[in-house]
Amino acid sequence: MKKKAFCLEKYNNILEDKKLVFMGTTVVSGYAQGIVISIGNKTYLGQINQIAIKDKPLSTLQKGINSIAKIITVSIFIVLPSIVFLNFIKAPDDFKFWEVLPFALSTVLGLTPEMLPLIATTSFFIGMVALSKQKVIVKNLYSIQDFGAMNVLFTDKTGTLTEDKIIIDNFLDINNNINNRVLKYAYLNSFFQTGLKNLIDASIIDKMKQKKEEKVFFQNIEQEFTKIDEIPFDFKRRIMSVIVVDKKKETTIITKGAIEEMLNICSYMEITDPQTKETKIIQIDKEKILEKTSFYNNQVFRVMGVAYKRIDNNNLADSKKEADMVMIGFLTLLDPPKKSAIEAIASLKKHNVEVKILTGDNEILSKIVASQINIANQDFLLGTDVDQMDDETLYQKTQKINIFAKLNPEQKARIVSVFKQKGNVVGYMGDGINDAAAMKYANLAISVDSGVDIAKESADIILLEKDLKVLENGILEGRRSYTNMIKYIKLTLAANFGNILSILVASFCLPFVPLLPIQILFLNLIYDFSCLALPFDHVEEKNLNKPRQWNFKNIIRFMMVFGVLAFAFDVLFSFGLYFIESSKLKDYEAEKISLFQTRWFIFSIWTQYFTIYCLRNDKFWQSLKKSRMMFWFSIVGGTFALFLPFIPVLNKSLNFENPFTLKYIVLLAVSLTLYGFVLSIVKKIFIRKNQELL
C-alpha cells in the first residue's frame, strides 16, 4: 500500500465542500458510496437543531418590565424606612411602630403600578386580534412589542422575498429572436426526465401547456417522441440531458443547463438567416453568447442554454455524448419578487426599519432581487468575508451593507447576534432549516406557513399568507400597543411618586396621617379603573413613525419631573386645606382630620386625571376628541370620587365626611386650574429638551 501526504483544499463555507453529503439531504437521482463521519447532534443538521431548541433570550418587553420592577423595588426600600423614621423623629415618645407600619406599607404599595400586567396583556392582545384578522398567527403575545421596537429586519431571499417559482420570460435563438423550437427542446428535456422536477422544469411545462391552450404551438408534441435514455442533473455538471427518438427513427440528445457549463459542451450554434429564414449551423461564438447572457443578467433575468445533437443509435453507450453539441438558443427566466415585497420594503423604510438580505445564494442573484424590491445594493459581503472579521469590525463594516451572500446558518446567526449586542432590536424572517439558528438569536422571528417545521417552531410570528404588507401592520400594532402601555407606566409612576412624596412630607409636618391606608388603596383602585381604557386609547401619528424602544432614562426623568410637580401642588393644596377652617393644630379633632383626608383624597384623584389627560398625548384637544372611552372612564371615576362621601357604608368604611363648602370648592377649582396650566407649560419644556413625551 502506498501513501502520500498532501494539503487538502480548505473550504471556508462547509456547504461548498462537494465531498460531503449532509444528513437530511434528499437524493434526487444517481447513487454513491460514502463513509459516515458524524451522527445525531454531531452532524451539521444536528448542530443547527441544537441552536434552534435553546431557550430564546428575554424579549425587550421582559427586560423592560424587569427594569421597572428594579426601580420600584429600590424605591420601596428607600421610602418604607423613610416613613417609619420620619414618624419616629416627629413624635419619639408617642411612636407606635405597629400603627405606623400599615400606613407605610400602604404608601409604598401606592407606588406600584398594580394594573401593569393587565394593561400590558390587554394592549398586546388588541394587537394580536388585529393581526389575526389579517391571517397572522402570533405565537408569543409579547413579541408584538418587539414588532414595534424593531429597527433592523434581516430576511432570507428565496421563498421569502421571492415567489419561490420561476417564470419563463422568453425563448430566444442565438440572434435574440423568439423561437418556438427552443421551447420545444426545453419542454422535451423537462417532460421526459424522471428525476425530481425542479421549479424550472415545472415552469417550462406550464409554458408549453399555455401555448397549447393558445393553439399557437405543437399539440401532443410529447407523443411524437420516445425517450430511450437520460443523463440526470448533478450539481457538478449543472446540466441535464435526455435522449429521444422521433417517428422518423432519428435519435437526438437534448441538453439544458447553466450557460457556462453549456458552453463547455457546445462546439456549434444554430442561427437563422434574417433574409432567407433558413437555419444553418456554424462554429459557436462563445464571447457573443456570454455578452448576451451578461446583458440579460443585468436586466434581472437568469439565462439557461438549450442544445441538441443528432446521434447514432449504436453509440448510445458513448461517454462523450454530451460533447460537440449545437446550441439552439436560451431561455430567459425570472425569479419574481412577491408582489407585496416592493410595497412592504417601502413601508418598512417609511417607518424607519432597515431591511437587509441574508442568503445562501450568490451575490449576483441577491443584488438582482434587491434591485427589484428597491433595497440599496451597491455593496455586499460574502460568508468568507464574515469569517475573517471580529465582531466589532463586522458591525462597523455592515452598517451600510444590505446584502450578505453565500452565508451558512452560523454566519447568519452571528450577524444577527452582533447587531443585537449593539443595542438594535433585530427581526429575522425566514422559512428554511438554514434560518432556524438566526431566528433563535433574533428579538423577533417571523416565518411563513409553508416554512419547514423547525423554522415555524423557532418563529414568534407566522404569516399564513404570502402578503408581506402585513409586516407594516404588525409594526404599527406593536408601536400602538407599546405606546399605550408606556402611557400607563409613565403616568402611574409620576402620579404615584408625587403622591408618595407629598404623603411622606405631610406625615412628618402634620400631627396626623394625611391619608389612611384604606384611603390610599381606594385612591389607587379608582385611578386604575380609569386606566383600563388606556389600551384602547388613540395614539398620535408621530409615535407610529419610528421604532418604540424602552428608554429608561426618559422614564426616570418623566417620573421625577412630573412627580415632583404633582408633589409641589399637593403640598400647596394641603397647606391651603390646613388653614381653611383654622390655623391651630389643636382644633384638628377626629372629625376635622376626616374632613382634611376627604378633601385631599378628592384633590389627589382629580390631579391624577388631569395628569392623564394632559400627558397621554402631545396635543390635548385633538386626543380628547379621539378617545371617547378614556373620557367616559375618567368621568365615571371622577364623579364616583366626588360622591363617595355621600354613599352609605362606603363613606363610613373610608372615614369620609362631607367636604364641600364654598371655600373648599373655590380652593379645589383654583388649584386644579393652576395645576393644569403649569402642567401644560412643563410638558412643552419637557418635550423640547427630550424630543419626546412618551
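Using the three backbone atoms N, Cα and C, a Cβ is placed for every residue, glycine included.
Listed in TrEMBL for this protein:
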TRANSMEM  68-89  transmembrane segment
TRANSMEM  109-131  transmembrane segment
TRANSMEM  488-513  transmembrane segment
DOMAIN    513-684  domain 'Cation-transporting P-type ATPase C-terminal'
TRANSMEM  519-537  transmembrane segment
TRANSMEM  558-580  transmembrane segment
TRANSMEM  600-617  transmembrane segment
TRANSMEM  629-650  transmembrane segment
TRANSMEM  662-682  transmembrane segment
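Sequence-distant contacts of the transmembrane segment (488-513) (same chain, at least 6 residues past either end, Cβ-Cβ under 8 Å): 68, 71, 75, 79, 82-83, 86-87, 89-90, 103, 107-108, 110-113, 115-116, 119, 520, 523-524, 527, 531, 534, 555, 558-567, 570-571, 574, 578, 585, 588, 593, 596, 604, 607-608, 611-612, 615-616, 694.
Across the candidate stretches 68-89, 109-131, 558-580, 600-617, the maximum count of CB pairs under 8 A to the transmembrane segment (519-537) is reached by 109-131. The average pLDDT the prediction assigns to the domain 'Cation-transporting P-type ATPase C-terminal' (513-684) is 83.
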